[in-house]
């Protein structure tokens with residue numbers, strides 16, 4: 001069996017070497033010639049897997065070790081009888097950690113009380129749903145916009161217009177889609193961006209084109225009261241440098257790049273491939289993950305929740321380092337910037353998740369226990 005795989009997928013040999021020969025390539029270099037003799041294709045979000053790419057190839061299974069599927073031609077797969085799998089939720093905790101770290105950084109820069117802000121979460125799936133749980137565990141005011149879930153479940157979901165009108169902080173967690181009633185391409189266009197409240201913060205850690213980047217640049221240039229945090233960009237790996245200069249934090253699509261999340265994505269695709277081949281999944285991720293360097297934290301149960309959040313979050317992640325590395329990469333010509341963007345992702349240093357922490361609460365736990373559980377950490 002011949003496997004073609006993105007070279008940046010972690011634990012490739014550990015999970016897939018026993019299936020057959022692995023041919024590794026940069027994700028953006030996977031083309032028709034590369035898959036001409038492949039049985040299995042393993043990718044990340046940087047590789048568009050289209051009908052044209054796979055035409056004439058023997059590929060029977062496509063696995064993307066990522067949470068999203070907008071880079072996969074699912075209709076084409078169905079017509080060609082190709083099995084596929086993604087890794088829903090694999091990096092959700094890492095993205096939530098990124099958003100929380102960004103909020104703490106913004107609060108420090110702006111000198112504001114996070115508890116006094118109203119939060120709008122757009123998209124309440126694997127990532128957004130977990131973020132909502134954390135914000136509610138903190139006792140903060142949260143509005144949620146998710147039209148597909150509202151149609152399916154009813155509930156207390158609100159419109160995007162209400163989010164724009166009422167929320168001081170807006171965090172985007174939608175997939176990218178161009179068609180249908182819930183299309184998200186340029187969901188925040190110039191008209192909607194101009195509706196942002198005075199002093200609003202906008203965080204996008206979903207897909208770059210969910211926000212019209214040109215319009216966002218223009219609005220940020222005109223309104224100094226707004227703050228933006230962008231981890232994703234239209235036209236990646238090319239970045240709108242002028243827009244990046246106006247963002248309080250900018251990073252190279254690494255919000256979900258925790259060590260745990262990336263390796264979890266590989267494990268999920270391994271399990272899906274085993275199911276496709278009718279083989280037992282005997283390799284366990286827990287046997288491969290290294291021990292975290294910060295394993296346990298003790299907190300006074302009466303601690304202020306924001307202080308506790310800061311201790312737990314900063315213990316595993318601070319986005320300012322990634323922001324600094326990203327800004328250093330935006331020098332030189334366009335070609336150099338594109339290469340630097342991918343290099344930052346390829347050589348991203350190991351980062352663990354709050355979920356891997358064990359937390360001991362001294363005294364009556366009360367509401368702090370709810371926060372720890374919402375963060376995914378383990379109470380001991």
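Keep in mind that glycine also has a Cβ here, set from the backbone N, Cα and C atoms.
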Given that Swiss-Prot annotates 126, 127, 146, 174, 205, 206, 207, 231 as binding NAD(+), state which candidate in 101, 256, 265 belongs to that site as well.
256
Would you identify which residue of 66, 69, 214 Swiss-Prot lists as part of the substrate site it also attributes to 45, 257?
66
Below 8 Å Cβ to Cβ and six or more residues apart, same chain only. Which residues does that give for residue 256 (NAD(+) binding site)?
66, 67, 90, 91, 92, 94, 95, 98, 127, 205, 262
At a 10 Å cut-off from the C-beta of residue 257 (substrate binding site), count the other C-beta atoms across all protein chains.
22
Pairwise CA distance, residue 126 (NAD(+) binding site) versus residue 207 (active site), rounded so that it is a whole Å:
14
Can you tell which of 146, 236 has the most other C-beta atoms within 10 Å, given these are the recorded positions?
146
For residue 207 (active site), what residues in its own chain, 6 or more apart in sequence, show a Cβ-Cβ distance under 8 Å?
68, 70, 174, 175, 176, 184, 232
